[in-house]
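Participant: Take a look at this one; I'll ask things after.
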Amino acid sequence: MSSEEETQQSLPYKVHKSTLKWAPVFNMTILLSIAIISCLIRVFSVIRYESIIHEFDPWFNYRTTQYLVKEGPYALWNWYDSESWYPLGRSVGGTVYPGLMMTSGMIYWVLHKLSIPIDIRNVCVFLAPIFSAFTSLAAYGMTKEITKRSEAGLLSALFVAIVPSYMSRSVAGSYDNEGVSIFALVFTFYTFLKTVNTGSILWGVYTALAFFYMVASWGGYAFIINIIPIFVLFLLITGRSNSRIQVAYNVFYILGTLLAMQIPFVGFQALHSSEHMASHAVFILINFLNFFSWIRNFVSKKAIITLTKFLIVFLVFSILVGVVILTLAGKTQWSGRSLTLLDPTYAKKYIPIIASVSEHQATTWSSFFFDLHYLILFSPVGLYYCYNKPTETKIFGALYTVLGVYFASVMVRLLLVLAPAVSIMAGIGISWAFRKFAKSVRSFILPKIEKPKKYRIPPEISIIGLVILGYYCSIYVLHANFAGSEAYASPSIILSSRDRQGNRNIIDDYREAYYWLRMNTRPDDKIMSWWDYGYQITGMSNRTVLVDNNTWNNTHIATVGMAMASSEEDAFEICEKLDVDYVLVIFGGILNYSGDDINKFLWMVRIGGGVYPHIKEEDYYGKGTYRVDQYATETMTNSLMYRLSYYRFDEVQTAYGQPKGYDTVRQAVIGVKGYKLRHFEEAFTSENWIVRIFKRKQRENRDGVAFTSKSTSQFTIPKEFSPVTKFSKKANTKQRSTLNFQNNE
Amino acid sequence: MIIILLFLVNFINADSLASQKTNELREMQLRDGIIELNSTGYFYYTMEFPRPYDIVIYFVAPSCKLCNDLNEHYQKVAKFYADSGALYKSESKRAVFFATMTFNDKNKQVFEQLGFISAPNLFVSQPHIVFVPQDERERYLRDMKWTISYTDGTVTAHKFLEFINKRTARQVDYKASTSEALTVIGILLGALTFGGLIFIIARPLFLNPKLWFIGSVIIFITCLAGVVYNIIHNVPFFSQNNRGGLQWKTNSGRQQLGFEGLFLSLGMTFVGLTMVLIMKLKVLLKHQKYSPFTERFLYITLFICIFVMIQFVEENYRQKSHYNPIYWPPKHYIKGPLNKDQGNSF
């Protein structure tokens with residue numbers, strides 16, 4: 001036997017050979033397992049709680065889906081919802097991204113055609129986990145397009161499948177746009193990169209279709225319509241553009257924009273909104289350059305130079321003249337608009353409704369770490385790999401990561417867009433390291449097959465490296481598991497607490513109260529609450545609300561904020577004008593539930609004050625801080641929110657060793673005790689007092705004003721009748737005109 | 001007959017007085033830009049009928065810094081209104097004039113009547129104010145006045161316009177003056193030209209992927225450090241703790257200090273960069289001759305660096321929020337059969 005044959009007979013060689021033979025099978029099996037895992041890890045929320053729609057926005061999506069399934073797609077298109085934004089209503093068909101609802105509606109219809117009588121709720125609950133499986137497959141494809149390596153793809157797929165940031169929006173029950181649109185995002189990028197690699201128009205069409213699905217499902221499509229032009233521009237500037245890029249971009253742009261316009265909510269915004277400007281500019285530029293280089297074939301070199309000079313001067317001059325003329329004619333709005341474009345913090349500083357939403361906050365390092373964990377630590381490795389020997393697709397991956405990091409740092413919610421990028425980068429980086437280590441170990445064991453090279457890492461170091469990286473990957477999995485099973489599993493309308501023995505108690509106050517509303521109020525009653533609970537009330541109680549989470553009308557929200565912040569008398573007037581029948585407040589003082597309305601109250605004051613300047617934030621600060629105890633200001637203790645939240649609160653003992661009326665969230669004894677409500681009456685308080693519902697009383701009869709005749713001129717007003725007294729006959733007529741004026745307004 | 005005549009005369013008188021007052025105000029505003037009112041003027045022009053116009057009055061106090069700062073914006077707004085033809089009444093809208101009043105002993109009464117206890121205040125006075133009875137007055141005035149204070153955030157001409165537009169039922173927009181617009185355009189064009197020039201001069205440098213990597217890492221570190229958060233929330237770099245010592249981090253999961261963000265962002269990026277270094281160590285050291293032992297020592301050191309840094313980041317995170325990845329399920333998971341757990345749907 002020759003030494004060659006001997007090597008071939010040895011065990012490591014056999015293992016190596018058979019592994020190579022079975023590699024594609026392993027590849028597919030692993031990918032499938034990843035897809036399954038990504039589904040399963042999101043079902044923790046159903047196992048630990050129940051199959052229920054989570055949080056706030058999903059309730060609207062769920063309600064819309066129910067409507068779609070019942071009434072059909074055309075009815076949804078024309079749906080004018082009179083149960084929200086009373087008395088304005090909301091045209092849902094024109095202000096909704098229908099992709100999510102259409103998807104689940106489609107699944108529902110198909111399953112029913114196949115005689116599987118599934119409930120629409122379960123379709124909605126399990127939609128996001130199913131789509132996360134698709135996302136991991138798409139991420140595999142995208143990474144493979146970037147690096148041409150399936151091991152990098154597999155790692156990326158695993159990372160995307162369980163990245164906590166993505167899980168926060170796609171656990172079972174979290175029936176939100178992001179659940180399907182992150183798949184659409186990654187899939188659009190995958191098809192786009194495929195087009196870039198192949199130059200195939202067919203794949204370009206797929207890109208446009210994937211983009212269409214993205215536009216149909218989430219406003220975050222603006223990210224795609226900006227990053228692809230930026231990528232193309234980058235390639236143009238660095239001289240890396242080629243015909244494949246042109247095909248990819250032109251097909252994507254033309255078809256994509258046309259398709260985007262088919263969504264009623266987008267419509268002609270696809271042409272004139274500032275988010276789309278970059279795509280138009282790059283389209284013009286790329287085709288102009290193309291045209292120019294075509295002309296170059298027919299014209300002498302000297303003429304080309306002259307032409308270039310002329311064109312540049314002409315362009316600069318025409319832009320300058322155009323801008324100056326537009327400015328002088330007052331057509332452009334420089335200051336306000338350009339400020340919001342140049343300064344991402346503008347809206348958050350000056351528009352309280354944006355600043356008040358927690359998912360709109362800017363991101364701190366700890367959010368990055370919790371939501372992306374080790375991925376954020378290892379993504380620079382992938383970045384380096386991409387920049388080391390850049391190709392178009394690698395540049396795209398790197399650009400996506402860098403832009404994603406920027407957007408994520410502006411708004412916590414956009415961590416979601418960054419999550420696939422860092423997953424892919426970390427996947428590429430770690431697989432690169434794995435490969436290098438593995439090669440060195442292999443060349444040690446199988447020197448015949450893996451020829452030793454000069455710059456190879458020593459094998460024992462490689463083993464250490466493999467162990468360490470493997471360890472960190474496993475910690476990442478554990479962390480993701482924790483995030484999926486604990487941190488992001490809670491539906492937030494069902495709360496759970498744990499007693500000292502470790503037993504779990506379910507706190508179901510929300511559903512209790514919403515059910516009460518459904519059963520005990522008239523169908524056309526109007527419920528006033530802060531906008532956070534609007535979707536839930538319409539979804540679960542089927543009652544009309546004034547404001548909800550679709551915060552399209554700031555003034556209306558401010559009016560509700562003003563009512564909450566006003567004294568009971570003033571609030572009564574506002575409530576009467578708005579036909580409010582019930583006021584619903586969330587109160588956590590008994591259960592130490594910190595997400596209650598008293599804690600959100602300052603935002604109501606701010607938003608209300610933004611439109612009605614007589615509401616001043618400082619009036620609600622006692623001794624310089626926001627407080628509810630004896631030092632709280634009179635404005636604070638008189639406000640409707642305070643009065644309703646703490647009504648009869650001084651009758652209960654909440655904490656051991658504390659007097660009655662001790663608020664466990666604010667950790668203070670309330671300042672006003674034993675008061676009575678004049679214009680409202682308590683209608684319902686849930687088991688743990690989390691939800692309190694008050695009924696607005698009818699207006700009291702005016703004391704003693706008894707007009708005997710229609711002619712007021714005969715009427716002498718007795719002095720002791722306070723509200724309308726004190727006027728002479730003349731003043732009374734004047735007062736009438738005031739009233740008229742108020743009505744007109 | 002006489003009564004009718006008297007009535008007519010009275011009516012014509014009132015009408016001429018109305019137009020006379022309007023003309024006076026218009027002339028004053030055209031002359032001074034903003035009408036300066038004293039208490040006599042205030043009562044004559046706002047509280048005495050007829051007055052077929054709205055007056056916006058900006059109440060200030062001497063030596064009030066905020067008043068002076070906002071005065072510029074107020075004048076702008078007055079100019080926008082004048083430019084849009086608001087000095088003349090139109091079919092459905094009254095003329096709008098802009099005035100200012102500075103607090104002194106003589107006009108104290110006006111300030112008291114309107115219930116101002118601080119300055120600056122903006123007040124839109126409409127003809128109806130004359131009719132409003134005393135006990136309705138407070139509620140009526142409340143909607144028409146705006147006491148500006150620090151909690152209103154940065155008050156700009158936009159906010160003034162919004163407030164006044166709502167109350168005069170006019171739609172006057174902010175228009176940047178020509179010089180302002182030209183400055184913005186100039187800065188933008190200048191920046192573009194500058195960028196373009198730099199790019200042309202240092203083109204080879206910009207085409208170097210190594211530089212892209214460095215640039216990306218810098219952006220990465222800055223964003224990870226939560227710089228936008230720091231700007232929005234005006235976070236200091238360091239702060240002082242209760243004992244007066246230097247504090248560089250907070251224990252709250254939702255907050256951070258400037259230095260904390262930067263330091264941990266550097267730490268997190270450091271892990272990745274060290275990993276790159278491990279990959280590239282052999283290539284970097286190709287000209288140096290090291291003994292195998294030194295070489296391995298270097299590698300081990302780098303691995304230890306990664307380990308220590310990750311420990312450090314995790315430790316810092318643990319102080320902010322719950323963080324405890326463990327290999328076995330939490331205790332409450334294995335406490336009993338699943339269906340004893342309240343709330344699951346099995």
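Including glycine, each Cβ sits where the backbone N, Cα and C put it.
Bear in mind that the values here come from a model prediction, so they are computed numbers and not experimental data.
Relevant sequence annotations retrieved from TrEMBL are reproduced here:
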TRANSMEM  A:25-47  transmembrane segment
DOMAIN    A:28-426  domain 'Oligosaccharyl transferase STT3 N-terminal'
TRANSMEM  A:123-140  transmembrane segment
TRANSMEM  A:152-168  transmembrane segment
TRANSMEM  A:180-206  transmembrane segment
TRANSMEM  A:218-239  transmembrane segment
TRANSMEM  A:251-271  transmembrane segment
TRANSMEM  A:277-295  transmembrane segment
TRANSMEM  A:307-329  transmembrane segment
TRANSMEM  A:368-387  transmembrane segment
TRANSMEM  A:394-412  transmembrane segment
TRANSMEM  A:418-438  transmembrane segment
TRANSMEM  A:459-478  transmembrane segment
DOMAIN    A:524-583  domain 'STT3/PglB/AglB core'
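Please go over these features one by one and say how buried each is and what sits next to it.
Facilitator: Beyond the ends of the transmembrane segment (A:152-168), by six or more residues, the same chain brings 27, 30-31, 34-35, 37-38, 41-42, 132-133, 135-137, 139-144, 146, 174, 182, 186, 370-373, 375, 415-416, 418-420, 422-424, 426-428, 430-432, 434, 476-477, 479-481, 483-484, 487-488 to within a C-beta distance below 8 angstroms of the stretch.
Outside the transmembrane segment (A:180-206) by six or more residues, the chain places 99-100, 103, 127-128, 131-132, 134-135, 138-139, 141-142, 145-146, 160, 166, 169-170, 213-214, 217-218, 220-221, 223-224, 228, 243-245, 247-248, 250-252, 255, 392-393, 396, 400, 416-417, 419-420 with a CB less than 8 A from a CB of the stretch.
Sequence-remote contacts of a segment are chain residues at least 6 beyond its ends whose Cβ falls under 8 Å from one of its Cβ atoms, and for the transmembrane segment (A:218-239) they are 97, 99, 177-178, 180-181, 184-185, 188-189, 192, 211, 245, 249, 252, 256, 260, 275-276, 278-279, 281-283, 285-286, 289, 392, 395-396, 399-400, 403, 407, 414, 416-417.
Only residues 6 or more beyond the boundaries of the transmembrane segment (A:251-271), in the same chain, are considered here, and those with a CB under 8 A from a CB of the stretch are 77, 93-98, 192, 195, 201, 204-205, 207-209, 211-212, 215-216, 221, 225, 228, 279-280, 282-283.
Away from its own ends, the transmembrane segment (A:459-478) comes close to residues 159, 162, 373-375, 378, 430, 433-434, 436-438, 440-441, 443-444 of its chain (Cβ-Cβ under 8 Å, at least six residues beyond either end).
Here the domain 'STT3/PglB/AglB core' (A:524-583) has, by DSSP, the following mix of helix, strand and coil residues: 33 helix, 8 strand, 19 coil.
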Participant: Which sequence positions outside the transmembrane segment (A:368-387), separated from its termini by at least 6 residues, show Cβ-Cβ distances below 8 Å to it?
Facilitator: 146-147, 159, 163-165, 168, 394-395, 397-398, 401-402, 408, 415, 418-419, 421-430, 432-433, 472-473, 475-476, 479-480, 483, 487
